[in-house]
């Protein structure tokens, strides 16, 4: 575990002795000569798809990483982990160790000398475009082709072009991409949809899972498993061939989420798998690492310090697991429903994750049927049936809605959140329970500007009053599946109104929106509101089509 940087003792005000002065001069001269020689050593050549990847930047740079993040050399902790080194990391560390204790050493100057900061891409669409035209203009502007990456950078090369969310998010993200794909299909960009599906299949084959994003510091976790739903999108265009083409990576992804489950005793957990006392198997979010997230190092160190009665590693893993959920952060994961330091993500069986696992198992069963592997069809259909029974038993709140379950405390959580609509979205919910859930959705979450993420105001970005495009789409589709068309239209029309009002005022789409009627972009979280924005663009384009608006 990397320890936070300790501040050096201040220099004494008295003049150094002759011996000390000579020592300082020798150190400064040696450091200068070393720096000059090292600057002549270039970084390695770019690496291509499938090449060996370097460790995550926190492991690659050790004490230098801790120093940079602790000193807040950059306002955003993600900046440093996305930089490109100008020399071999071992060479940079050698130079740092030689120079750091020399009087007058500037960490900022050192970092500027040895690393290149990637600027956020400036995207400036032409003025006066309609909302639809603005979104369609953005698709190529947000598309990246990175079949190679700078040597020892954190970027993971991918074989095909992909769409990034925008702003500080300069790489592709797993679950964002499904909602981006909705818009790409509506815009006739099936080439990009197919390419991103191939990228995800490549990552599953290469790493055993789809990482949070294509950065080395994201490799220790995934994100909500939407790959099966992406395959379903492709199947709408090309039929059963999509199922058979992606069957192998679908099965590998399922194996990743279920790894370790077969040998786990009742009442225990292993990775993403929890085996309850009665032998029921459900999934949780997890991360293989239990250290501060490199892209949010200082925030995570601070959060652990606010929970002195808990092991820091436990807090850090729960923070990382929440990042895997995509809901980072939300009262859904907090022990007291209010405070980040009480986070207990790995103790919770999320209703959305287990609904997505049901979809994954159902899609695999379809793929096996298309491949005429009927033993596989029976196997995965059986997994889906067992999961449906488990969801109804453990993830149903007696008040009448789907909810998360705290497996360590042995009770369903009271939190009302938009995640309750996921079992309806994947059509696993019985009609009676679906209707009860939709009543709660309408009465507790629906606001004048769309659906709120939760009912609680905590200053976290995945809580009230924020509304997010993916949650609107999930709930809208859930309502349609169970015959609540008026609710579906209310969600869609109200959220589209939020997007249209902000676009009329500022000519941009953003990551999240305040849906309580203020008509502004959402707040809270670890970073400023981001423009772009991939999943908002995708869902908005689908809503424009649905309601015949915006030519």
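Here the Cβ of each residue, glycine as well, is placed from N, Cα and C on the backbone.
Per TrEMBL, active site, proton donor/acceptor is recorded for 328 (among others). Annotation for residue 328 (active site, proton donor/acceptor): same-chain Cβ neighbours under 8 Å, separated by at least 6 residues, are 319, 322, 461, 462, 525, 526. Residue 328 (active site, proton donor/acceptor) falls outside any helix or strand according to DSSP and counts as coil.
Classification of residue 511 (active site, proton donor/acceptor) by DSSP places it in coil, neither helical nor stranded. Residues or ranges marked as active site, proton donor/acceptor in TrEMBL: 511 (among others).
With a 10 A radius on its CB, residue 326 (substrate binding site) counts 21 other CB atoms from all the protein chains. If you look up TrEMBL, you'll see 168, 175, 176, 212, 221, 222, 223, 293, 294, 295, 326, 526 marked as substrate binding site.
The signal peptide annotation in TrEMBL covers 1-45.
Between residue 326 (substrate binding site) and residue 511 (active site, proton donor/acceptor), the C-alpha separation comes to 13 Å.
Cα to Cα, residue 294 (substrate binding site) and residue 511 (active site, proton donor/acceptor) are separated by 22 Å. For the recorded site, residue 294 (substrate binding site), the DSSP three-state label reads helix. By a simple count of nearby Cβ atoms, those within 10 Å, the most crowded of the binding-site residues 168, 221 is 221.
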